[in-house]
Amino acid sequence: MVSMVIYFHYLLKFDIPTSSNTLTNFLGSVCLLSLLGGFISDTYLNRLYTILIFGSLEVIGLSMVTIQAYSKDLRPDITCEKSCIKGGIALMFYGSLSILAIGTGGVKGALPALGADQFDSKDPKGAKQLGSYFNWYMLSTTFGAMIGVTFVVWVSINKDWYWGFFMGTMAAIVGFIAIALGKPFYHYPPLRSSPLLRIAQVIVVAFKNRRLTLPENPDELFEINDIDKYQYDEKLPHTNQFRLLDKAAIVPLETFPQPWKVCTVTQVEEVKVLTRMLPILASTIIMNTCLAQLQTFSVLQGAFMDQHIFGKKFPPASIPIFPLVFMTFLIPIYEFVVVPFARKITGHPSGITQLQRVGVGLILSIISMGVAGIIEVKRRDQSIKDPFNPISLFWLSFQYGIFGLADMFTIVGLMEFFYKEAPSGMKSLATSFAWLSLSFGYFLSSAFVDIMNAVTKKIAPSKKGWIEGDNLDESNLNLFYWFLAVLSTLNFVVYLLCASWYKYKEDTAESETESRNDQ
């Protein structure tokens, strides 16, 4: 994915801003479409079939990209300078990216939940294994990304682009075959009715009953006390948060109420759980916006730095190898050293709670932005002082390494949090919320730069935006990084309020049981 921005610029003749925006829009679409895969695997197909169907689309999309990179007739003429993508070339290009985004997004929406389904989170041993699973899932994707930003990028740039895309196509085929071979061994939770329809029903019925008065005793709200009904479902206890939604469970006057006129307490509580998750989701978007900015501008910074590390030339497109290397070593250390030590102190199966883990990631992202600003000052000062002797590309490893560590804490924490806290029939959909946060970050990143330039152009003495123009030495990228650090700090304060307000399902169930025993 990282090398595609260079492919867009050099072979498809996009200018630099268009290349960057095309990539971020594509990555944002992939993450957004993970909701589609999550929804289908919760409602219509099991996780494995969802992965294989969307995986087939991913392979088709990769094949189309490979064919376009190989065929000169499907690429712009080498003499073209502007508006080169049109006609059949444009149809092939946008069609292949669309199919690839749908396929990759659908796989992302179902794959993490398929692995997590194999563990029983209610069993103490299963709860420990579930936390470890998400760590190993992150490590495996890190290994794949390391190969992508080193060997595949090298092949693409030094041999030919279609070879790099062909390698990705073959790797995807092998991966999906490996997943399919596990079919006899997987545990599949039973499918339920559409989570979106259940959510919509609660909202509509609660709105219709908005003028009704809630009963003083929550036990008078409608519920189906049928053991067979809930033998596979998770029956959620009543909570007092978002009590307006309880009006959807007010028993109507009819002796036999129709399903569209009343919702069960469990159905209402499912919506409450998802509603409690939304502030957590929203408070991580700023971090992912910072990540998108760091990815884009670090590659641009690398073009103005000495690209030789240990005597070898290092392409800027491979800069993301820095956080991946850090994560390769730090994830096992976290799993085998930090988690057992923290588990002895806290007694929590994962060492610390999922929201605490996300909080650590947000703090590290603030530090990363501050360090990025300092490195940019050093790079710019040296470039202005002696443009023929720039600082080494290795300096970017500091900001990227810290942010990689932040990503390890945040993404894994979010995936585990959304999976464990989601109602039983919404596991895939809720786990996709972690990718949804990334999606918003990618989509907002381009608009964020435009807004920042428009504002700083008006207030700056030079009447120029902080990151405007083609010359990075004349920009104030360091101020932009520091602004992101300040914004991330304010966002962290909001996150603390959201996290302290959130009630885990286990805590809610325990408090409800204790209150009933006291009565």
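The backbone N, Cα and C atoms fix where each Cβ goes, glycine too.
Curation plays no part in TrEMBL annotations; they are all automatic predictions.
These numbers come from a predicted model, not from an experiment.
Database features (TrEMBL):
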TRANSMEM  23-41  transmembrane segment
TRANSMEM  48-71  transmembrane segment
TRANSMEM  91-114  transmembrane segment
TRANSMEM  134-155  transmembrane segment
TRANSMEM  161-182  transmembrane segment
TRANSMEM  277-297  transmembrane segment
TRANSMEM  317-337  transmembrane segment
TRANSMEM  358-375  transmembrane segment
TRANSMEM  395-417  transmembrane segment
TRANSMEM  429-449  transmembrane segment
TRANSMEM  479-498  transmembrane segment
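Taking every listed stretch (23-41, 48-71, 91-114, 317-337) in turn, the largest tally of C-beta pairs under 8 A with the transmembrane segment (429-449) is reached by 23-41. A Cβ distance under 8 Å defines the sequence-distant neighbours of the transmembrane segment (23-41), meaning residues of its chain 6+ beyond its ends; these are 1, 4-5, 8, 47, 50-51, 54, 97, 100-102, 104-110, 113-114, 194-196, 292, 296, 428-432, 435-436, 438-443, 445-446. Of the Cβ pairs linking the transmembrane segment (317-337) with the transmembrane segment (134-155) and spaced 6 or more residues apart, 3 or more are under 8 Å, so the two regions touch.
Under 8 Å from some Cβ of the transmembrane segment (277-297) lie the Cβ atoms of residues 2, 20, 24, 320, 355, 358, 361-362, 365, 368-369, 372, 399-400, 403, 406-407, 410, 414, 417-418, 421-422, 430, 433, 436-438, 440-442, 444-445, 448-449, 467, 477, 480, 484, 487-488, 491, 494-495, 498-499, 501-502, all in the same chain and six or more residues away from its ends.
Residues 12, 26, 29-41, 47-48, 50-51, 53-62, 64-65, 67-68, 74, 85, 134, 137, 186, 415, 419, 427-429, 431-432, 435 of the same chain sit 6 or more residues outside the transmembrane segment (91-114) yet have a Cβ under 8 Å from a Cβ within it.
Taking pairs at least six residues apart, the transmembrane segment (134-155) and the transmembrane segment (395-417) share three or more Cβ pairs below 8 Å and count as touching.
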